[in-house]
Amino acid sequence: MERKHHGHPHSLTDISHMLSPFARWLVIGTLAVTAVAVTIGMIVLWPSDSEHPVPTQFRSADGGSIQTVNGEVVDQFRANCLNPAAGSVLETADIPINPVAGGPCILNAVRFDSGEVEGRYTVLEIPTKGAQSGAEPGRDGAPVPGSVDEPQAGQPTLHVGDAIRLSTVPGPEGNRYTFFDFQRGTATIIWAILFIAAIVLVAAWRGFRSIIGLAFAFIVLGGFTLPAILDGSSPVAVAVVSSAVILFVVLYLAHGVSLRTSSALLGTLVSLLMAGLLSWLAIETMNLTGLSGDQTTNLQVYQGNISVSGLLLAGFIIGTLGVLNDVTITQASAAFELAAAGEPTRLATFRAAMRVGRDHIASTVYTLVFAYAGSALPLMLLFSVAQQPLGGLLTTDVVAVELARSFVGGIAIALSVPLTTAIAAALCRPAGAPSSAPAHAAS
């Protein structure tokens with residue numbers, strides 16, 4: 001070991017050499033303690049099997065959950081509204097409809113494809129904008145936006161051959177049926193297969209493992225996160241524990257157990273805590289309520305034990321999970337690859353990886369903001385015709401929540417890059433550093 005005789009017992013190379021084992025055990029120890037704490041947290045917060053009230057929009061007439069059956073549109077007619085056969089069960093395809101050219105309602109003959117009424121028929125009555133304006137055949141109605149032949153706002157546009165779902169409405173004279181939604185099972189499966197195929201074809205075995213990790217994440221969200229919050233547990237605590245569990249499994253499953261992955265995991269966990277703190281500050285300083293959405297309001301009515309502000313904060317935390325994971329694993333990989341490619345010191349590795357990180361920050365912030373903007377496009381269009389000052393629109397609760405998500409996500413990304421890069425640079429072994437551990441330990 002090189003000795004200095006001018007007041008410095010070790011050279012910078014020696015200090016860099018000694019840093020790696022210390023950093024390695026520090027990171028491993030920190031992750032081990034975190035894993036134990038997360039496991040304990042999951043046990044403490046584990047949901048019970050208690051029943052919860054069904055919200056009105058998902059409740060049938062008898063107070064239970066909505067029962068649905070499948071059906072297919074087999075014919076369509078224009079006719080007058082208030083057809084007595086609408087919603088009733090018919091034994092044959094001989095449906096009592098008197099077609100009227102340009103009639104104010106679209107009557108859809110539907111054949112049941114499931115349930116106890118399979119093989120029978122019903123009629124779905126869809127009023128048009130002509131009915132809304134009072135227009136009838138041979139009479140000029142009041143003007144309405146768009147064509148009078150289109151279904152009214154909020155009504156489905158059906159075509160012959162459409163596979164749909166109908167909700168069952170119990171009544172004194174038997175069940176009646178109304179439109180509930182379209183059947184999307186087959187299309188969803190096809191798109192899921194295409195998604196999996198694209199990931200696996202390009203990323204091979206690692207892509208397949210990432211798909212398994214994604215499935216695990218949904219299992220955690222559906223089997224632990226949602227039931228625990230409904231049980232009245234702190235949404236923030238549940239979100240933090242859920243995110244940590246997902247990160248531990250997903251990162252090691254997709255990228256393997258290595259110091260590279262461990263540095264990304266630790267960077268993501270610390271960044272997630274920072275994102276939680278930033279989210280709390282944003283909610284408090286911007287006075288965000290989260291009550292602008294109908295779903296949140298309904299949830300507060302039917303599940304009054306849930307903290308709306310806590311739920312909003314939990315949403316912020318979980319929302320930053322994916323983008324932080326993307327940034328941190330990229331930075332860790334960049335640092336280790338640069339070190340292996342010939343960077344002489346850990347400081348040089350850090351600086352080189354940060355140059356990559358700055359480009360990553362710029363592109364990821366765009367991704368984050370435009371993702372939120374895309375999801376809020378209908379709302380933005382509505383506000384664009386509201387003839388209100390831009391400042392007033394941007395500070396409404398519904399818009400401010402999305403802005404806060406973007407701000408918090410962007411700040412968390414910016415902070416995660418130097419943090420993860422520093423952790424990875426401390427763990428990797430630059431080409432110019434002497435070796436004291438097997439080469440595979442730094443990969």
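In case you wondered, yes, glycine gets a Cβ from its N, Cα and C as well.
Taken from TrEMBL, the feature region 'Disordered' applies to 128-156.
The feature transmembrane segment is assigned by TrEMBL to 25-46 (among others).
Residues 210-211 of the same chain lie 6+ residues outside the transmembrane segment (185-204) yet bring a C-beta within less than 8 angstroms of a C-beta in it. What TrEMBL records for 185-204 (among others) is transmembrane segment.
A Cβ distance under 8 Å defines the sequence-distant neighbours of the transmembrane segment (211-230), meaning residues of its chain 6+ beyond its ends; these are 42, 45-47, 52, 196, 199-200, 238-239, 242, 245-246, 249-251, 253-254, 303, 306, 311, 314, 318. Sequence annotations record features per position, and here TrEMBL assigns transmembrane segment to 211-230 (among others).
Marked as transmembrane segment by TrEMBL: 236-253 (among others).
Here the transmembrane segment (265-283) has Cβ contacts under 8 Å with residues 27, 30-31, 34, 236, 239-240, 243-244, 247-248, 251-252, 309, 312-313, 316-317, 320-321, 324-325, 328-329, 331-332, 404, 407-409, 411-412, 415-416, 419-420, 423-424 of the same chain, all six or more residues outside its ends. For 265-283 (among others), the entry in TrEMBL reads transmembrane segment.
Only residues 6 or more beyond the boundaries of the transmembrane segment (303-324), in the same chain, are considered here, and those with a CB under 8 A from a CB of the stretch are 52-53, 221, 225, 229-230, 232, 234-236, 238-240, 242-243, 246-247, 268, 271-272, 275-276, 279-280, 282-283, 288-291, 296, 364, 367-368, 401, 404-405, 408-409, 412-413, 416. Sequence annotations record features per position, and here TrEMBL assigns transmembrane segment to 303-324 (among others).
Taken from TrEMBL, the feature transmembrane segment covers 364-386 (among others). The list of residues near the transmembrane segment (364-386) in space but at least 6 beyond its ends in sequence, with Cβ under 8 angstroms from a Cβ of it, reads 323, 326-327, 393, 398-399, 402, 405-406, 409-410, 413-414.
Positions annotated as transmembrane segment by TrEMBL: 406-428 (among others).
Away from its own ends, the transmembrane segment (25-46) comes close to residues 224, 228, 233, 237-238, 240-241, 244-245, 248, 259, 262-263, 265-266, 269, 423, 427 of its chain (Cβ-Cβ under 8 Å, at least six residues beyond either end). Here the transmembrane segment (406-428) has long-range neighbours at 19-20, 23-24, 27, 259-260, 262-264, 266-268, 270-272, 274-275, 278-279, 282, 316, 319-320, 323-324, 327-328, 331-332, 334-336, 339-340, 346-347, 349-350, 353-354, 357-358, 360-361, 364-365, 368-369, 372, 442, meaning same-chain residues at least 6 beyond its ends whose C-beta is under 8 angstroms from one of its own.
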